[in-house]
Amino acid sequence: MAETLAHRFTEFLLESNALKFGDFTLKSGRKSPYFINAGAFDDGKKIAALGAFYAEKISQAIVHNTIPRNIDTVFGPAYKGIPLAVSTAIALTAGHNMTVGYTFDRKEKKDHGDGGWMVGTPLTDGMKVLLVDDVMTAGTAVREVIPKLKAEANVEVVGLVLSVDRMEKTKDSDMSAVKAVEAEFGFPVLSIANVREIFDAAAKMKNPDGTPLLSHDIQQRAAAYLEEYGA
């Protein structure tokens, strides 16, 4: 039986040292049994593979009519979203016969040369823009970038693709950040894998010495964490 996209992505996260199990304190103050470090994708091989995973998820979403095929540009918010947008656009072209642009924003507006807030494919009225980002915690980055996009041109944001959906409720409600963004902006938010899929996949994996990758303690803590914070 072929492994699912989520299973293969979990293997990739582990091989890249981007996924760690243990005891971590997040920015929110929550004690988490796992941590995802997007900074671990630090060479050409890893970022190319990551872009291919994003492209595969996008291709699946197009087949299921979740997002349209005629995407004009892939947008990644600075800074972490920049290599995601570039590598995803390359992978869509190379592996899925889709020629799309890439665009990202500057943290500070440039007032000379090409100028403005945006770099890459210029945004114009009517363009279909697909957002890519790593992990959503509260949706702050999306809420900051949507007004920037709309100020540039009357574009249509057709969706957002994340690497991982933490599936956690926010501090203010029992709704997850992903569901809150979908409700607020009206476009789908997809992920290559969600945290439950990651733990399900990891629970089936073994260390080189044959012992389970996830200890009984980690599995119990993961279940308790998702019971308390899961949405």
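Just so it is clear, glycine is given a Cβ too, placed from its N, Cα and C backbone atoms.
Under the DSSP three-state reduction, Met136 (5-phospho-alpha-D-ribose 1-diphosphate binding site) is assigned to coil, being neither helix nor strand. The 10 Å shell around the Cβ of Met136 (5-phospho-alpha-D-ribose 1-diphosphate binding site) contains 23 further Cβ atoms across the protein chains shown. Summarising the annotation, Swiss-Prot assigns 5-phospho-alpha-D-ribose 1-diphosphate binding site to Lys27, 79-80, 106-107, Lys110, His112, 133-141.
The orotate binding site annotation in Swiss-Prot covers Thr137, Arg166 and is backed by sequence analysis. Taking Cβ-Cβ distances under 8 Å and a sequence separation of 6 or more, the neighbours of Thr137 (orotate binding site) in its chain are Leu26, Lys27, Ser28, Arg166, Glu168, Ala177.
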Arg166 (orotate binding site) in three-state DSSP notation: coil
Cβ-Cβ distance under 8 Å to Asp134 (5-phospho-alpha-D-ribose 1-diphosphate binding site), same chain, at least six residues away: Ile36, Ala38, Lys80, Gly81, Leu84, Leu162, Ser163, Val164
